[in-house]
Structure formats: C-alpha cells, structure tokens
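Everything below concerns the one structure shown next.
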Amino acid sequence: MSTFDFLLQGLLVAMQPMNLIYALIGVTLGTAVGVLPGIGPALTVALLLPVTYRLDPGGSLIMFAGIYYGGMYGGSTTSILLNTPGESSSIVTALEGNKMARAGRGGPALATAAIGSFVAGLIATIGLAFIAPAIVKLALVFGPREYFALMVLAFVTVSSAFGDSTLRGLTSLFLGFALAIIGIDQLTGQTRMSFGVPDLLDGVEVTTLAVAMFAIGETLYIAAQGEQGPDKVEAVRGSVWMTGQDWARSWKPWLRGTVIGFPIGAMPAGGAEIGTFLSYATEKRLTKHPEEFGHGAIEGVAGPEAANNASAAGTLVPLLTLGLPTTATAAIMLAGFQQYGLQPGPLLFATNPQLVWGLIASLLIANFMLLVLNLPLVGLWVKLLTIPRPWLYAGILTFATLGTIGANPSVFELGMLLAFGLMGYLMRVFGYPIAPVVVGLILGPLAEQQLRRALAISQGDPSVLFTSPIAAVLLAIAALALIVPAVLRARGKGQVLSQLAASED
Amino acid sequence: MSGNAIPSTRAKADKAAFGIALFLAALSALIFWDASRLQAVASYSRVGPATIPTVIAACLLGLAVWTAVAARAGDFPRRERQEIGPVAWVVGGLVLQMLCLKTLGFSIATGLLFAMTAAAFGKRKLHVTIPLGILLCLAIWLLFAGLLQLSLPAGPLEHLLRR
C-alpha cells in the first residue's frame, strides 16, 4: 500500500467518534495548560500524562498528540500577551508579538501566530507522513552499531552543541545517565545502583523526573525570586482579524518558517528554538519593512511561529520512525508510548500500522480543531493568563503531585519527586540545562543495550563501532558537534550558541 | 538562567561550584563502588552489566575535575539572589504532603501542599487557603478516582464521601 492509502486508513481511524472526542479533549486541555505562564509543552505533556492512564492505547495517544499540538499553540498566546515565554521556542514570538500587543495589534498577532501554526502544522504533518516510510525503510538496515552511533549524535546535540557551556550540558547529560543505571540490568537481570531498596528496582520513572525537574524545579526557582510586581497582561484590543495587508505580509513567512523548521525538527539534533531563531533572522533580512523590526513586525511573529510548529511535527519523525526522542517533550511522549508496552520505531509501523497512521492522521484533525479553538475563543484563553501567581503555582504543584501519586501512590515516589525537584531548582540556579537529564534518562538505557549488542556480536572488539560506514559518519558528525562549539566558545564567540540554548521545548 | 547579580557574591559563588564538583566526584565513587560488586558474567564479550556504569563513573569523575577547574577560574555564570523563605514554604508543603498522604488521604495532604505553595507566593491566610485547597483536592479526587479510576489514597474525608 502507498503512503496515501495508509494515511486514508489512518483518517478513518481518527474520524471514529470516540477518537474525535479524545482529540478534542486533548487539544482543549493542551491549549489550557499551555497558555498558563511558565508551562511549556514538555511540562504540559508530563502533567497531563496521568489523565490518559486508563484509556486504550489508540485513544490515549490521539489525546496525547492533541495535548502536544495544543501546548504549542497555547505557548504562543502567552508569549504574545504576557512577554514571559512559556517555552524557549516562543522567545522570538515574544520579541515581536508582545510589541504588537502593546501597540494595540494583539489580535492580528494572535491570528497570524494561530494561522501560521496551522499552515506549518498541516504541511509538516503531511511531510511527516511522506518521509516516515522512507526513514523506516532505511532504519530496517540499521544494526545495533548504527543505532548506537545515532544515539551518540543525539546526546551530543541535545547536551552540548547549543547552550552556553559544554561542561554544564555534558554534566546534565551524565546526571541523566547516572539515574538511568538505577534498576535491573536489561540484559543480565542484575540489580544496579538500587542498594537493596525495592522501590528502586524498576528504576527512575521518566515522568517523575520530568515533572519534578520542570514543574517543581521551576516553581521553586520562581518562588526564590521573591516578590515581584504582577505580570502585565496586554488586553486584546480591536479585532482579532487580520487586514489584507497583514495577510500579504504573513503568508510568505509562514511558508518559509515551515521550510526552515521542519528539517531542523526532523534531524536528530533537537530543539524547536533553533528553527525559530533562523526564521526570525531570515524574515528580518527579507522584509520590506526593516524599520518595524523590534517594534512589532508581523513577519517576526508569523515566521518563527510557523517554524516552531513545523519543527514540533518534525521531532515526531525520529520519534516515530527510530524511537529516538530529540527533545524533552519527545522523551516524555516516548514514555507515554512505553506505558502501553509500545516501542516506537520501524517495527511499530509494521506491527501496528493502524495505531501509527491513526496517530498521524489525528494530528491533522487536531490542527483543524486548534484553529477553530484558538481564533474565535482566544478571549477565553486570555482569561487564564490573569490567574494570580499563588493560585497558579499551587495548582501546578497539586497537579504535578497528582500525576505521581496516580501512577504510583507511594511515599518513596513522592520523596524522589521532591529530591529531583530540588535538583532541578539547583540546576536552574547554577545555569545547567534541564532537557539533557531527561533525554539521558530515557535514551541512556537504549544506547547501552545497542552498544552491548554490537559488542556481543563482535565478541568484544570495539573497532566494529567504526567500521560500518553509516555509523562512522554519524560518529564523525557527533565529534564535530562536540568540538566545534567548544572551540567557538573558547574563542569568545559563544553568544550565538547560548542564544540557541535548549532549556525546554 | 543566569542574570545580573551582585558582584560581591562572586567569591562565595565559586565555593558553591566546588560543591558541585565534590558532588559529582562522590556520585562517581558511588557508581564505581556499585559496579565493582557486580559479578562479571562469563560471555564472549568482555562487556557486562558493570561496563557502562564504570564508563559513566569515569566520565563523571572527569566532569568533576573540569567543574573544579572552571570553579577556580570563575567560569560559572553569576547567580541571582535566591530568597530562602518561599523555597522553604514549598519544600515544607511537599514534605507535609508526603507524610500525611497515607494516613490523612489525598485531599487533606494535597490541600495542605496547595495552601503552603500559595503561602510561598504571598497568600499567607492559611485559615482560608487550607480549607479551600482541601475542597479543591476533594473535587479532583472525585473526578480522577471516580471517573478516571486512578488509585489515589483515600483518607477519612474520602471514606465519608464514598458512603
């Protein structure tokens, strides 16, 4: 069957009334939580994971995809109206969007962000549908050593290629590895790092770590800043509709943003924000109204928002086809798959095509729902921005602990939540990136498994890792991605890289 | 996450960074020790369950040394002043919830956490926020334990409602 048939079949799955309801609940919850200041998509997905515990896999993954896309839409509303981006990939949107809102053009800014996200999401999801089968075919020839090399590349790009310090990125990554060792060794069944504590035998739950690091760590960090004046929410004055000129100035940035964002998301490099910065720079160079940049140029909202959503869809390419999460959000999505015993990767396309294609098709549907949900109802979401901080953070912690208790009602689990929360807080204070810990925890065991398989096949000869051409090229790229930024930083040219810092996306 | 801070914290700041280096070294030692008691299973490859932990421990030791060098050179970004009070409120709330969860049930324990977090952000009227939090959490309990069948620990309040 061709991709088109599969996609059509997926649409039939996604159009079932129950699945439509799951998608609708997902996008609504995702938007609502994504709009809340300080909550990015990674945390949105982690917080809402428990809601899906008792659903069937198909329905819950569809709801999940809706939450993911909804969180991306919601984040842009926050950054335009509040100037506190809930996620690093919305920083650029805040740059121009908040200026537009202050100038009384918040409506068109929200509209171009929503329509741009829609256009990008639509094109990128179709791109995902057509690229995925090709990568699946390629992945079938991958052996353990190629997978290992691919993961090494992902480790390097997630931890040290971007951000302001190689040292701190690598330290975060290795903290994740250290946590990943805890539990029963998958190949020999021996217990590692559990010190006779039965609660540690299953290892550290990804969701516990993610919720602790993102929700509790962030709450502590914000609390520690002390009393601050209330954030100023810009009211949406005037029409939310775009004028003819707005359309004329927006459609090209939407398409350019999509073209920039999708490949960056699809590569095992991670980070939606890189695409948004590139898109912003491109629009700034190509615009006919350079004087407006910095004072609310609509191109500066349209392009980066499209790039943001396109790369969000792009990250699903390595996640679904290779089982390789390249962002914290994708890592948590992977945990969502694993709670049903599903391992994303080439095999899932063969064994469970209905599920995979239903998921991809439901992304298209979620995208339509979000457009409807966001444009006319934007006033409703804006109200969420005015929740006073005490209630907001009290609510966030209530839900954060609810998820952990729901998954495993044990005092020990809550203790881990607190310990990792404090760790996340201290890491923020000292400027360590958070995402590498989560990615290290979830990818570390997979990488170890592949490495040990490769070495078992070669009877312990490590040179086998470099003798496959694919693996050798991937490892060479990984080495470059480690060395080049380090050299740039040492020469004092690190500012650009630290602007591209991947803290949470 | 680094911003403009008071320069006088600089000397103290490096001490904290040395602390991180010590922590990493201790973690590395812990992993080395744990890996050393794993018996090597005879197999064709010399790679067993202890191999990767040993490599990770070695890398952590290297990172500890690197951190110490960076701390000495003052390479760490300056830090903003941290208020301890609000942090203590939130941590206290989490500890209280952890201790009360099994005996008092989800609603009361989480309601206490809710009130203490609100207190950290300036709402200090506990006689208002605690009942509010408990009511809210009871509603959440009804929704999640009832409709979505999550297993949230029940206490006296929840038993009252169940009857």
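Cβ from N, Cα, C; glycine included.
Taken verbatim from TrEMBL:
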- B:19-153: domain 'DUF1468' (DOMAIN)
- B:16-35: transmembrane segment (TRANSMEM)
- B:47-69: transmembrane segment (TRANSMEM)
- B:89-116: transmembrane segment (TRANSMEM)
- B:128-152: transmembrane segment (TRANSMEM)
Distant-in-sequence neighbours of the transmembrane segment (B:128-152), which means Cβ under 8 A and at least six residues beyond its ends:
106-108, 110-115, 118-119, 158, 161
Same-chain Cβ contacts of the transmembrane segment (B:89-116) under 8 Å, 6 or more residues past its ends?
126, 129-138, 140-141, 145, 152-159
Mind tallying the domain 'DUF1468' (B:19-153) by DSSP state, helix then strand then coil?
100 helix, 0 strand, 35 coil
I'd like to know the mean pLDDT over the domain 'DUF1468' (B:19-153).
86
